[in-house]
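Each remark here refers to the structure printed beneath this line.
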């Protein structure tokens, strides 16, 4: 027997099923929700939702304010994490985990805290005691059968949004509809096969429960009329109006709230239709999670201005050299020869430091101090032991729910370093600031401003001119600078002309020194190393599908070009002769030197016609061999059975032309045709005239079986014409016989296909005749019944009158008998009383 313990790591599939189940069943039916998950219990499902899947859970990094609030609340309410969690805005598990991590960091006193060294970190083979607050494990590609069955069952159950009864009703309705459609299809198939199913007529003796009351016994009509009572009842029914409980007791508060909710939903939908961005912004504003923003960052007011920071930064940048430059390439010897050009040493207690020192009481240190205090408080023994516990409980903050807001101030290193001009005034004529001491520097190096001349704040003292600005100084440890250069560098407010003159003097001196350099003794040449050429990249092998597509495109383009290079007869799919031998011979050209007419227009024309005929014969031969014509008549004329069929042999070679050349030739032909039409005045000729000419030329050609070719009718003899007509007749008769055989086959085939339909048509014709006879008889009966109806209309009043007289006589007779019955009954009673007294 397999025993399954519920629990373990949560998977992505289980999380999705849990979220879908919560959407359907809510946050109270955890037993029903857990029934969808085979490996999880109701308690575990609830813990998973409230510890990880709830959308209101914050999973971002912890802020400093949250850490301070967590430590303060943990100090006030130890181990009450479910009470602390809503105040901090996190889950209890997150609060506990964060609290323990802060204590570990504080006790370890190591800034480089590595989470991988956490003793609570799970090792291989260990079981997570709290898997509900951990991320879900991704689903495996090949899920086992239990997970697949759980997933399919959950999908089926979550898709069922109706109850069992509604589901059963819907299933019965579908079965009834399927049964009805099957019966209808069966009737149609039987009707198509010739079998009629007549509908079942209701039995007149049976009870129609929809139209009458079963076994109803109507009371007999009494002696007195009840028309007045029925009229009163009908009037009361017309005036009656039912009263609801809502009208008697008023509308309930729940109904009013539901109506308002529906109204709000309707208004919200209208707003979304007309102003979607505004509706989204409004919904985001109403959401508490989105409305909650981070608190404003509160920083202390700066005690050093931007100008002062810039000057202090300039001191460090301009007065220091790169470490690599100072070190050089000489090692200790170079460092011995060079002076100290690092940070300017302080000149006394009043010197300004190069940078602001780091603060020691920041927010992070305060959090670590609080965590360390809490760790010591937890490890403290009982007070009964006595002695110093090492924990200053009196200094701790137990005043409120939230920790005190301590503003961290930036320390001002300049506060205690004021110059004499700021502390107690200055000497007469000092200018309100201390003097700057000149420190030697390397020649050509950037001047370092003085750190001793600190400017005054907020103006100058009484009787002083102003604060001395930070003056550029020169630090010359090796004494390389001359006195005039030093004086020029120390001048304050010098003119531009003097500065330009100094620069010109420096340039001239530099040129003189460069000119005095000795001539070069050696020549140096640079040789560029040869760079190995990279091997050419191998061409990527083309994919088979891409290769097939490319070949298909190339073949289609090749076919298109071949189609454009074909003759017009092939492009237009016009009829062609099967052989060139069957065509009439072209006109013979005049012999060269055959007279004066040879060199005239007639000779040239005949020569041109001969060349055209030769080219046409070559083109027809090429097309007949390369693109053969199917057997039969290609141009409407008879081909004898003894005539040669398709020409055999290799395809003759033709001169190849480009598409541009073919297009140019076509344009020339079209221009010549247009010119001849205008020259011969054929512009008014239309398609009808062209058809008449073509028919005339077509009639002029006849097929001669003896020669097996076409000839002109004008050059043929009577015998040739008779043979041509006989051949045409034989061909037409053969064509007729062939068509007759085809018609016979089609007739037999149609006879087989239409036999059943013809039989069906005969049966329907007989039924139509019967129905027509019935209609005729029904029409005759209608005429007879109409005549009877008219007679009844005339005789009915008389019969009604006679029956009325009989009814009145019966009523009088009944009244007389009733009176007699009363009298006899009274007499009987009197006699009975008399007998009783006797």
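Backbone N, Cα and C define each Cβ position, glycine as well.
In TrEMBL, the annotation region 'Disordered' applies to 630-651, one of the ranges 476-497, 498-519, 608-629, 630-651. Within its own chain, the compositional bias 'Basic and acidic residues' (552-566) has Cβ neighbours under 8 Å at 623, 627, 657, 659, 662, counting only residues six or more beyond its boundaries.
When pLDDT values are averaged over the domain 'HTH myb-type' (58-107), the model yields 92. Per-class residue totals from DSSP over the domain 'HTH myb-type' (58-107), listed helix then strand then coil: 37 helix, 0 strand, 13 coil.
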